[in-house]
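To start, the structure under review is shown below, and the notes come after it.
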């Protein structure tokens, strides 16, 4: 079977399933002619029907149709062997009682199949049969019954007929009724839903707000707590809290462009000059402070150390708090030479202090 035709058949059977409640396994009524043609074309009838209908099938044959196979003429040996094959295929199918076995002569395929599919002449396929027949008159008559899928063989190809006109009208009317019922506020509840709702109401009454039912202690305590909370909040009998008021949505203004995707505004010449002046003034101040520190280091090393700490603290404040505090001064070490006197040591210490302070100033 080609892919396009197979897809059409699958969609067609889905329509029958949704609109007329067809379910697997599909009940397929066979007549004598389609069994004979499938044997002549060397087709496996059951497998071909399952592939065409896209699901499991239950082949069925009426008593009149199987009598047609038994009474078929067979003179040659080949015809007799073919007739045995037809009867074996018919025996593999389920026997559908039509009630015509008491008659001396079987009814025609048209009369027998019509009495099975639509016995009361209501124009509906009550038992959801799929009819597989080669008789043109049977197919024409079955198109007048709503919801009957028709299958036949054409040149060793199994064909599933599209929906008949009457079937399409019934399906469209059903769809319109569903839409109309939905617009009016929903379909009426089914009897099972109503029964389930009544059972729930009776259960609530038995369990009760009075707590007389056979409830465990914990459940009784929960019901009592719900009653208290409901009474405190002024709620109903079940103690349900009132739903919170809906939050009002904020009215948002017009959305502007993404600032990250925009070009940066170019500075004017005046702004550039002001920025350069600001930078030059800041550098001048730093140079002035450093020059004062150098002069102080030459005269007084301790004053130079204090000035260095002040400069470091100022730099830390200017750096937006990146530095935690003033820098620590290096420890002064006494010279290790032992040949010098106390005065010499003192002089050496002063020289070392002056040298260390000059190094600190240079590094800063």
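Even glycines carry a Cβ here, placed using N, Cα and C.
As given in TrEMBL:
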COMPBIAS  166-178  compositional bias 'Basic and acidic residues'
REGION    166-364  region 'Disordered'
COMPBIAS  197-206  compositional bias 'Basic and acidic residues'
COMPBIAS  215-229  compositional bias 'Basic and acidic residues'
COMPBIAS  239-255  compositional bias 'Basic and acidic residues'
DOMAIN    249-264  domain 'UTP23 sensor motif region'
COMPBIAS  282-292  compositional bias 'Basic and acidic residues'
COMPBIAS  303-316  compositional bias 'Low complexity'
COMPBIAS  339-352  compositional bias 'Gly residues'
COMPBIAS  353-364  compositional bias 'Low complexity'
According to DSSP, how is the domain 'UTP23 sensor motif region' (249-264) divided among helix, strand and coil residues? 3 helix, 0 strand, 13 coil
Averaging pLDDT over all residues of the domain 'UTP23 sensor motif region' (249-264) gives 81
